[in-house]
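Below: the structure, in structure tokens.
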Amino acid sequence: MALSSAPGKVYLFGEHAVVYGEPAVPCAIERRARVGVQRRDDGKLRVHAEDLSLDGFTVEYDGSTGNGPDVDVSESLLSAAMGYVDGAIEQVRDVTGEDEVGFDVTIESDIPLGAGLGSSAAVVVAAIDAATRELGVTLETAELAERAYRTEHMVQDGQASRADTFCSATGGAVRVEGDDCRSLEAPDLPIVIGFDGGAGDTGQLVAGVRDLRDEYDFAADTVGAIGDVVRNGEEALANGDVEELGRLMNFNHGLLSALGVSSRSLDTMVWAARDAGAHGAKLTGAGGGGCIVALDPTPETETALSFTPGCEDAFRAELTENGVTSLE
Ligand code: PMV
């Protein structure tokens, strides 16, 4: 049995625009997915998942028989989670040359699913790391990140950047522009997260931005403007200027909102954070529902969010330098 964990992330800047070659700066947070993998010689893939949402649920899924699970969670979310595990195992078979190998896979995660915190990337990164090690193969971090990216790219029908998977594999704050991925120095950021209990459909949201960008030059310019915000954000990060980071996050949220990927609950939480005195706040990830990220060194934002209608959970999240980690 091999066991690995990998962190989720928030986007400080640049989601959606990164799909069109602009830079993005995600940053890993201390909320992790843990994946245990045991080899099976009958070629079957069995997945046991727990706590894939903050409420938690348990599912047994037999990938070889297609027996549906019986759980209280939306079908599409669940099949998405299982699709990521199937895809990760396909990469493992490919990179190790063990085409017929099967696995028992156990997933435990404290990252809400599909909510902009990189739950799928964390599961994929930890699954590939654990499964390859279970077969006696240790991948370099760059190779692991690349294989995890290919998994997301395949599962999301070609609509994925390298941002989530690279960040989860390496930990820390990173900068991703096309296939150029690197780590950044970052100060300890006072990150607060608000979660509306929901999830967005990444594929649909990405397609919506693509259509707008194709139809209107000003939408293409908006995507380009996000790139400019990111470049300014990198400088603020390097200078440890948290106030400037917040201002730029506010700007980034406005541009994402113009592209149609915010929602009433995300906007409500963003404004609650700003009213509570946060340096800045924005949605994180694909949007449509899920999480916002705010910067506030005081307890005010977390408290205000926990009383905000539509905010199901508010919590602080430490930036973590620990990317994928082998647990045994
Ligand atoms: O919601 P998440 O954490 O899967 O992030 C999606 C980010 C996008 O830029 C919209 C898509 C991508 O793959 O970069």
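Each Cβ is built from the backbone N, Cα and C atoms, and glycine gets one as well.
TrEMBL: automatically predicted annotations, no manual curation.
What TrEMBL says about this one:
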ACT_SITE  Asp164  active site, proton acceptor
BINDING   Pro112, Leu113, Gly114, Ala115, Gly116, Leu117, Gly118, Ser119, Ser120, Ala121, Ala122  ATP binding site
DOMAIN    3-38  domain 'Galactokinase N-terminal'
DOMAIN    84-172  domain 'GHMP kinase N-terminal'
DOMAIN    235-301  domain 'GHMP kinase C-terminal'
Most Cβ neighbours within 10 Å, among the binding-site residues Pro112, Gly114, Gly116, Gly118, Ala122, goes to Ala122
When you measure from the Cβ of the residue listed as 'active site, proton acceptor', how many other Cβ atoms are you left with inside 10 Å? 32
Pull the DSSP breakdown for the domain 'Galactokinase N-terminal' (3-38) and write it out as helix, strand, coil residue counts. 4 helix, 26 strand, 6 coil
Neighbour count, 10 Å Cβ-Cβ cut-off, for Ser120 (ATP binding site): what number do you get? 31
From the centroid of the CB atoms of Pro112, Leu113, Gly114, Ala115, Gly116, Leu117, Gly118, Ser119, Ser120, Ala121, Ala122, the recorded ATP site, which same-chain residues not already listed sit within 8 A by their CB, in sequence order? Gly8, Ile111, Gly285, Gly290
Model confidence over the domain 'GHMP kinase C-terminal' (235-301) (mean pLDDT, whole number): 97
Can you tell me how far the Cα of Gly116 (ATP binding site) sits from the Cα of Asp164 (active site, proton acceptor), in Å? 10
For the binding-site residues Pro112, Gly114, Ala122, which residues place their CB under 6 A from an atom of ligand 1? none
For the domain 'GHMP kinase C-terminal' (235-301), the DSSP residue counts stand at 35 helix, 9 strand, 23 coil
I'm trying to understand the geometry here, so how far is the Cα atom of Pro112 (ATP binding site) from the Cα atom of Asp164 (active site, proton acceptor), in Å to the nearest whole number? 15
